[in-house]
Amino acid sequence: MFGTATRTHATRVLLLGSGELGKEVAIECQRLGLEVIACDRYANAPAMQVAHRSYVIDMLDGQALEEIINKEQPAYVVPEIEAIATDKLVELEEQGLNVVPTAKATKLTMNREGIRRLAAEELALNTSPYQFADSFEDFKAAVEHVGIPCVVKPVMSSSGKGQSVIKTEEDVQTAWEYAQEGGRTGAGRVIVEGFIDFDYEITLLTVRAVDGVHFCAPIGHRQEDGDYRESWQPQAMSENAIKAAEYTAEKVVNALGGYGIFGVELFVKGDKVIFNEVSPRPHDTGMVTMISQEMSEFTLHVHAFTGMPINNIVQYGPSASAVILGQGTSTDIRFDNLSKAMAQPQTQVRLFGKPEIDGRRRLGVVLTRRKTIEDSIEDAVNSASKVQIIY
């Protein structure tokens, strides 16, 4: 049962994080007449622009989080980012709060150590070799154990922050220092991951709902500096690789529990898959589903966590997304040349409405659907390059 927004019996959804993914979740909630409250650490974040109300808070502050939850009495608390006081969510969930998909999932996936130990040690899934380190001495030992080349990441970071590749012994000190600067909560623990040989990487959007576990077609993507630049669906895979990917994803999402969409990141080598990470929420590479599927990842997420069946996920054919990346400084960003960017049929531009930029920031995305994946990617990239950003 849903109440009507702004009325006495309104069904309220509290978004923790109000970026471009949260904005699309908010819009899907609005389509169901749900009342949306958006939180973030800065004002006028994208989801705040389409919410009924908003709050600017430090979401790592458990007391501030609890005060808003007590005030708003949401039916659903929906984390959109990792940097949240997850211990407080666990505590409040034990008192009856509905955290999407679960507070456990939010806490485990906030920290690379939690989810890696779950996947490798509890679920016995294939992962890259890894070691954790708290000090520089432990870090050097971890690098030696895992071997060079290797990848270094803070256990708590996102969007590539603090991540680097150690290619020679000379990189060890620099990699440690960079990881200490890039963590979400400042200096701290890191993971050292061994290099693995893979053909490509995918995001397998996996929905856990009242009518079971459902899979979207696999999404391929290209990363640069730890952030995605293009994604496409479907990624060509062998039948055995798809079965292995779905097996891995289902084990992970069932271990995390709850209802919603999960972005399961996997490396693929031939018919073999290697688990990388999982986000218990819509995934940035999944923005392609806004043009490639009948129900986008955001629609699927909202339908799942509100208890609706998913039934069948319809995929429309070769589609792609390409990021509109800004580089500059402004508190009054403008966009031009959009008519040329959208000159071709089955091409869409989504601008996120981010209020400011200082450096490099993802400001929008181009979505295309063509006869082939190659044409979809090429046209998406070309269209994105035509968008003129005025700082």
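Just so it is clear, glycine is given a Cβ too, placed from its N, Cα and C backbone atoms.
What Swiss-Prot annotates here:
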type	residues	note
BINDING	GLU20, LEU21, GLU80, ASP284, LYS354, ARG361, ARG362	N(1)-(5-phospho-beta-D-ribosyl)glycinamide binding site
BINDING	ARG112, LYS153, SER158, SER159, GLY160, LYS161, GLY162, GLN163, GLU193, GLY194, PHE195, ILE196, GLU201	ATP binding site
DOMAIN	117-306	domain 'ATP-grasp'
BINDING	GLU265, GLU277	Mg(2+) binding site
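Put simply, ASP284 (N(1)-(5-phospho-beta-D-ribosyl)glycinamide binding site) is 19 Å from GLY162 (ATP binding site) when counted between their Cα atoms. In this structure, of the binding-site residues GLU277, ASP284, the smallest number of CB atoms within 10 A of the CB marks GLU277.
The binding-site residues shown are LEU21, GLU265, GLU277, ASP284, ARG361; of these, the one with its CA atom nearest the CA of GLU193 (ATP binding site) is GLU277. The binding-site residues recorded for this entry are GLU20, LEU21, ARG362, and the Cα of LEU21 lies nearest to that of GLU265 (Mg(2+) binding site). Neighbour counts were taken as the number of other C-beta atoms within 10 angstroms of each residue's C-beta; across the binding-site residues ARG112, LYS354, ARG361, ARG362, the minimum falls on ARG361. On the backbone, the CA of PHE195 (ATP binding site) and the CA of ARG362 (N(1)-(5-phospho-beta-D-ribosyl)glycinamide binding site) stand 28 Å apart. Model confidence over the domain 'ATP-grasp' (117-306) is summarised by a mean pLDDT of 95.
Cβ packing within 10 Å was compared across the binding-site residues GLU80, GLY162, PHE195, GLU265, and the lowest neighbour count falls to PHE195. Its Cβ taken as reference, GLU20 (N(1)-(5-phospho-beta-D-ribosyl)glycinamide binding site) is surrounded by 22 other Cβ atoms within 10 Å in the chains shown. Calculated from their C-alpha atoms, the gap between GLU277 (Mg(2+) binding site) and LEU21 (N(1)-(5-phospho-beta-D-ribosyl)glycinamide binding site) amounts to 18 Å. Neighbour density around each Cβ, counted as other Cβ atoms within 10 Å, peaks among the binding-site residues LEU21, GLU193, GLU201 at LEU21.
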